[in-house]
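Asks: I have a structure I would like to understand better, so I am pasting it below and will then ask my questions one at a time.
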C-alpha cells in the first residue's frame with residue numbers, strides 16, 4: 001500500500017479531514033525530505049546507502065538490480081590496499097559506468113562513489129577518473145577531519161571538471177571518522193566551497209563511520225551502542241543545523257536482522273535520515289524502518305484536526321488522548337511538527353511502496 005493510500009485510509013477510518021485545515025495549508029509550501037543550506041530543496045529519498053566493492057565485476061553487475069536508495073561504488077576499504085588493486089578497481093568501475101547502458105544503470109541521483117582519502121596516493125587518480133562519468137553526482141569522502149580537508153576536495157573537483165560545461169554541482173558526503181572530525185563538526189557542517197557549488201562541489205550529508213571512529217578514539221563497542229550516543233547525536237544536530245542529511249553507521253552484524261532493525265529504530269529516533277548497508281539483505285529493513293508508522297501518521301493527523309477545532313474556539317492548545325489513558329498537552333511546536341509530518345507523507349507517497357510496521 002502506498003503512503004498516500006495509507007494516509008487517506010487512516011484519516012477516513014478516524015473521520016479526520018485535513019485538506020481544508022489552516023494548519024495543513026499553512027505548511028503546504030514546506031518540503032522536508034531533504035533540505036539544503038541555501039533553502040532550496042532536494043526531493044530524493046535516501047534511506048539506504050549500500051556499499052558495492054568496485055574490485056568485483058560480479059558485485060558491480062548485481063548493483064544494477066539493488067533496490068537501495070543510494071549505491072556507493074567503493075574504491076576504499078573494500079578494495080585491497082596495494083597500488084595494483086586500487087588501480088584495477090578504479091579502471092573496472094570506470095569501464096562499468098561507461099559501458100553499461102544508461103537505462104540499466106541506477107538513476108544518477110542514486111549513484112555515489114567512495115574515493116580513497118585525500119592523504120593517499122590514490123585520491124587524485126580516483127577523483128579525476130570518476131568525474132569523467134556524467135552519471136557520478138555524489139562523492140563520499142572518507143576521513144574528513146576539518147574544513148581544510150573539504151577545501152582540498154573542492155580544489156580537486158574544480159580541477160577535474162575544468163573545461164566541463166556540466167550544470168550540476170557535485171554532492172559531497174563527508175565521513176566523520178575521528179576525534180578531530182567530531183571536534184570540528186560545526187565547522188565541517190557549515191562548509192561551503194570557495195569556488196561555489198557548481199565548480200567546487202556542495203556538502204550534502206554527514207556520514208558516521210563508527211568503526212574508524214572507535215579505532216581512533218579507543219571507544220569500546222558494545223551491543224547497547226551507549227558509548228556512541230554522544231557522537232551520533234552531535235552528528236545529527238550538526239547536520240540538521242545546516243540542512244544536511246545525517247547517515248547512520250553500518251551494522252556490522254549483517255546476519256542478525258533483528259539487531260539491525262533495533263539499530264535502525266535507534267538511529268531514526270536520534271534524527272538520522274538513513275543508514276549505510278554492507279549487505280543487500282540489510283536494505284529492506286533499513287527501508288521499512290526509516291519511514292513513519294501508521295500510529296505516527298494517525299497521531300500527526302489527530303493533532304492537526306483537533307488543533308483546528310481548538311483554534312476555532314480561540315484556544316492555542318488542547319489535550320490529546322493518550323493510549324492507556326491520560327492526556328498530552330499539544331501546542332504550537334507540536335502543531336508545526338505534525339503539519340510538516342503530514343506534508344512529508346504526501347511528498348513521499350510516490351516513492352515509498354511498502355508500509356513500515358512496528359516491531360514487537
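Each Cβ is built from the backbone N, Cα and C atoms, and glycine gets one as well.
Found this in TrEMBL, in case it helps:
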type: DOMAIN; residues: 47-280; note: domain 'HpcH/HpaI aldolase/citrate lyase'
type: BINDING; residues: 114, 177; note: substrate binding site
type: BINDING; residues: 177, 212; note: Mg(2+) binding site
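Could you give the neighbours, burial and distances for every feature on this list?
Replies: All protein chains considered, the CB of residue 177 (substrate binding site) has 24 other CB atoms within 10 Å.
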Asks: Could you state the CA-to-CA distance between residue 212 (Mg(2+) binding site) and residue 114 (substrate binding site) to the nearest Å?
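Replies: About 15 Å separate the Cα atoms of these two residues.
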Asks: Validating a neighbour-count step here. Other CB atoms within 10 A of the CB of residue 212 (Mg(2+) binding site): how many?
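Replies: Neighbour count, Cβ to Cβ under the 10 Å cut-off: 18.
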